[in-house]
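Feature table excerpt (Swiss-Prot):
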| type | residues | note |
| --- | --- | --- |
| MOD_RES | A2 | N-acetylalanine |
| TRANSMEM | 28-48 | transmembrane segment |
| TRANSMEM | 56-76 | transmembrane segment |
| TRANSMEM | 98-118 | transmembrane segment |
| TRANSMEM | 128-148 | transmembrane segment |
Amino acid sequence: MAGFLDNFRWPECECIDWSERRNTVASVVAGILFFTGWWIMIDAAVVYPKPEQLNHAFHTCGVFSTLAFFMINAVSNAQVRGDSYESGCLGRTGARVWLFIGFMLMFGSLIASMWILFGAYVTQNIDVYPGLAVFFQNALIFFSTLIYKFGRTEELWA
């Protein structure tokens with residue numbers, strides 16, 4: 001079941017060579033998702049300025065997601081595999097630990113945003129939009145991180 005799409009071929013457009021534009025497309029899509037996540041949260045903060053409506057402590061999920069975005073994308077895949085020419089101060093093990101901590105921060109922020117959504121808004125029978133804004137901010141930053149990390153190639157002349 002895991003490889004049921006291995007032989008599937010998407011229809012190809014002959015006018016555009018996407019392999020040359022892979023890094024550009026992945027970077028633009030990741031940037032749009034990242035921007036949209038923060039835009040939604042800023043909109044919620046403007047619409048609901050009182051702490052009773054949107055607690056200002058709920059912004060920390062987005063801050064930690066953003067920190068995790070930079071942590072995850074600061075480590076190249078070659079450093080994780082051990083293929084890079086420079087080993088750095090901690091080498092391959094340090095890169096893997098750094099990447100693991102980044103993913104733990106990212107998943108922790110996403111889970112905390114779901115907790116905020118359901119614990120502070122859905123069960124309290126108040127307006128749910130601030131909770132949805134916190135959740136979608138973290139979800140969009142999460143998907144932005146995955147696209148920016150794994151959607152690009154690291155080969156300079158691919």
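Quick reminder: no glycine exception, Cβ is built from N, Cα and C everywhere.
Any idea what these are sitting next to in the structure?
Tertiary neighbourhood of the transmembrane segment (28-48): same-chain residues 54, 59, 62, 65-66, 69, 127, 129-130, 133-134, 136-141, 143-145, 147-148, 151, selected by CB-CB distance under 8 Å and a gap of 6+ residues from either end.
For the transmembrane segment (56-76), same-chain residues at least 6 beyond its ends with a Cβ under 8 Å from one of its own Cβ atoms are 34, 37-38, 41, 45, 84, 95, 98-99, 101-103, 105-106, 108-110, 112-113, 116, 120, 130, 134, 137-138, 141-142, 144-145, 148-149, 154.
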